[in-house]
Amino acid sequence: MALAKELMGYPLITERSSLVSSASHFKKRTQSTQFSINPFDRRPRKTKSGVVAAISEDLVKTLRFSTTTGDRKSEEEEKAAVKFKVRAVVTVRNKNKEDLKETLVKHLDAFADKIGRNIVLELISTQLDPKTKLPKKSNAAVLKDWSKKSKTKAERVHYTAEFTVDAAFGSPGAITVMNKHQKEFFLESITIEGFALGPVHFPCNSWVQSQKDHPDKRIFFTNQPYLPNETPSGLRVLREKELKNLRGDGSGVRKLSDRIYDFDVYNDLGNPDKSSELSRPKLGGKEVPYPRRCRTGRQSTVSDKDAESRVEKPLPMYVPRDEQFEESKQDTFAAGRLKAVLHHLIPSLKASIVAEDFADFGEIDRLYKEGLLLKLGFQDDIFKKFPLPKVVVDTLQESTKGLLKYDTPKILSKDKNAWLRDDEFARQAIAGINPVNIERVKTFPPVSNLDPKIYGPQHSALTDDHIIGHLDGFSVQQALEENRLYMLDYHDIFLPFLDRINALDGRKAYATRTIFFLTRLGTLKPVAIELSLPPHGPKHRSKRVLTPPVDATSNWMWQLAKAHVSSNDAGVHQLVNHWLRTHACLEPFILAAHRQLSAMHPIFKLLDPHMRYTLEINALARQSLISADGVIEGGFTAGAYGMEMSAAAYKSSWRFDMEGLPADLIRRGMAIPDATQPHGLKLLIEDYPYANDGLLLWSAIQTWVRTYVERYYPNPNLIKTDSELQSWYSESINVGHADLRDADWWPELSTVDDLVSILTTLIWLASAQHAALNFGQYPYGGYVPNRPPLMRRLIPDESDPEYASFISHPEKYYFSSMPSLAQTSKFMAVVDTLSTHSPDEEYIGERQQPSIWTGDAEIVEAFYGFAAEIGRIEKEIEKRNADPDRRNRCGAGVLPYELLVPSSEPGVTCRGVPNSVSI
């Protein structure tokens with residue numbers, strides 16, 4: 001019961017104290033408020049009346065010092081003469097699983113605690129001592145009963161400590177913690193009871209390292225937000241000291257226990273010491289512009305002084321200690337990795353026994369029905385051919401019960417053949433996993449922006465004749481004027497890399513353009529696909545155009561062309577829209593926030609849940625996903641040139657001012673400004689599920705952010721003079737995005753509107769934009785023919801030697817163009833992991849410790865209003881998915897669009913909008 005009251009904001013101590021001359025020594029707040037909210041009830045609540053000093057007899061020892069000279073003491077001296085005790089309730093989160101070493105150290109710490117090597121806390125006032133000019137402090141207090149509770153198995157353990165303070169202490173503003181044990185511990189929160197203003201909350205959520213690793217005391221501040229110029233005098237030095245600790249000095253190799261945030265270039269993706277073929281260019285700098293990543297300080301490689309040495313799995317990559325995954329997240333990710341390893345191992349073994357290519361669609365289907373080992377009944381052959389250790393055999397055989405059996409991707413759930421249809425191919429451009437590339441055709445034929453001296457004529461090979469027969473009676477000009485022509489244009493991003501890509505073993509690609517027509521029903525249909533290769537001489541056929549089929553041969557050609565488009569789309573989705581725009585480009589803002597914004601700063605408190613786990617997942621990506629010979633290189637068409645392609649997109653097209661949803665829709669020609677419409681935009685494709693749902697979330701985020709910002713910045717001068725805020729934004733641009741710092745499109749930060757726009761964009765990218773691009777990867781891409789991540793053969797024409805074999809066995813040629821069994825299984829396992837919500841996911845409209853994350857009751861109330869709006873949006877999306885007039889999300893065999901539904905259960909659900917880029 002006591003714990004429940006503590007979580008609700010009630011004092012733990014209810015007995016009134018009998019203080020000597022309490023009226024003259026304590027000024028009680030008669031109008032103070034203490035916000036009390038059930039974390040599981042999002043209904044707006046009224047604030048309750050204030051809690052006065054609640055100090056029980058057993059905790060209060062009033063020591064009135066009598067005057068010996070008869071002189072009257074000052075009021076300050078009289079207050080200082082009155083001592084009383086207050087209590088801290090300290091919540092520590094236990095690990096669910098410990099290895100042998102951790103268990104031994106835990107027992108040693110329990111013993112050491114008995115003999116005086118304790119956890120020591122010290123309370124610090126918001127006021128300065130008038131004599132010493134230093135912050136007022138309590139006595140040092142020891143955390144009680146650590147040894148006694150060391151065997152407690154509960155997830156959370158509550159300890160207490162007692163402080164002695166005087167009546168002149170003022171309000172608590174900070175608390176220091178010294179860990180004299182050998183083992184770190186996770187400090188979740190501290191609540192102080194006994195002051196007249198009511199309970200004082202310290203939301204900590206941090207690992208506290210042993211004194212032997214980090215000799216300095218840890219500093220935690222209350223949940224009361226302060227702008228820099230409002231910082232109480234007793235906290236100013238501590239505020240700057242804590243920021244200095246987090247910045248470090250830019251030198252040295254980082255230890256896993258460090259809390260230092262700093263910048264570096266992407267020079268750790270290659271492994272030149274292992275092989276020259278694994279050398280990769282440095283990303284970041286004048287030659288190859290790129291955002292900055294978290295600095296680790298590792299030594300350079302032997303063979304390349306500009307390259308940082310690698311940390312290979314299972315060794316962890318450095319991120320600041322509090323950025324590392326929590327235990328349940330680690331377990332979810334580790335399970336996914338095991339599945340990926342086993343899924344990759346079996347096809348690799350199988351490749352030497354049976355053919356590597358799929359024979360037909362049924363063979364792919366059996367991956368979901370039977371699993372890998374059972375699929376062709378070849379498990380006995382593998383175990384005979386490869387004398388594996390018994391433990392490996394047992395593991396593999398046990399795994400066939402589920403781990404090696406793939407879940408059926410959602411794309412097959414309603415109509416397993418829907419993906420073959422042209423209307424579904426087109427629908428996924430606006431309601432699939434990559435709905436952010438489609439653009440309105442403004443000029444036909446399309447025109448390239450590449451240098452014609454290098455890449456040939458800028459005009460497309462597309463002509464009116466190619467598409468006129470598919471425009472439902474419209475002329476091309478009429479279709480343009482009525483906004484009925486749309487396009488996926490991957491010409492300029494792929495063409496500069498094609499010679500190198502097509503020289504790779506088992507990789508073949510085109511630079512594609514796909515033209516869509518918007519029908520009178522509001523659905524899209526593809527009307528032409530242009531396939532381009534780099535020109536190699538005047539007689540070389542570098543461009544060809546395919547149109548919807550008219551016979552069996554053209555049907556197979558058309559299916560192959562759509563597969564090449566989907567492969568282009570998958571590469572740009574992963575390397576540019578997903579990795580670059582929502583992972584890499586956010587990292588500098590996160591690093592700068594920790595370095596420049598105090599935990600007391602209201603903007604840090606706003607951004608905090610939207611930064612969770614991002615540095616860790618980005619570090620893991622550098623280790624195994626985007627690294628040389630990593631998952632992205634092995635699984636996607638661009639291969640070793642994928643990250644260079646990502647860097648080219650950053651240089652040529654990334655603009656922070658265009659990353660917000662409304663600006664992005666306008667830039668792509670998918671919407672026009674219209675003040676009479678909801679959200680101030682008119683969508684030119686009315687049934688555009690990603691944009692329809694995204695605008696609901698964008699507006700909700702924007703309204704919440706505006707309410708928050710206006711609370712702390714009632715006039716623009718406060719923004720201009722906020723040193724921490726300006727330093728954060730400046731460092732994000734000038735250091736984190738240093739290669740683009742001179743661009744004229746960076747928004748200014750001078751007004752409330754400026755700040756609202758910047759923060760809304762960041763929160764949108766971290767939450768809804770990332771969710772729309774990430775959590776459908778397995779549901780849509782887990783069936784590889786729907787979205788092949790790479791292609792292995794070009795499409796033959798009549799002059800090619802392969803044309804005869806294509807005509808004879810088109811299905812065989814089709815599957816030989818697709819990824820192999822080994823490539824497919826590895827890719828499926830990886831995107832399955834990346835599409836998975838962990839049990840500790842925090843979704844938009846949710847926060848840890850929802851009623852105490854800030855001490856501002858008005859803002860807590862506003863946050864619950866925001867959460868209620870998110871709930872209304874979820875119901876609206878469900879309503880839209882049941883509306884038969886919305887043909888792009890409702891109909892026979894049509895998947896509902898749920899990627900922006902805010903909530904989700906754990907697992908692969910194809911829905912859910914987490915607060916942050918956490919996977």
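Using the three backbone atoms N, Cα and C, a Cβ is placed for every residue, glycine included.
Lifted from Swiss-Prot, the feature list:
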- HIS578, HIS583, HIS770, ASN774, ILE919: Fe cation binding site (BINDING)
- 86-222: domain 'PLAT' (DOMAIN)
- 225-919: domain 'Lipoxygenase' (DOMAIN)
- 272-310: region 'Disordered' (REGION)
- 1-52: transit peptide (TRANSIT)
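Each residue in the domain 'PLAT' (86-222) gets a DSSP state, and the totals come to 15 helix, 67 strand, 55 coil. Across all of the domain 'PLAT' (86-222), the predicted model scores a mean pLDDT of 92. Cβ neighbour count for HIS770 (Fe cation binding site) (all protein chains, 10 Å cutoff from its Cβ): 25.
Residues HIS578, HIS583, HIS770, ASN774, ILE919 make up the record's Fe cation site, and a Cβ search at 8 Å around their centroid adds TRP579, THR582, ILE617, LEU773, LEU834, VAL917 from the same chain. The DSSP secondary structure for ASN774 (Fe cation binding site) is helix.
Note on the region 'Disordered' (272-310): DSSP counts are 3 helix, 5 strand, 31 coil.
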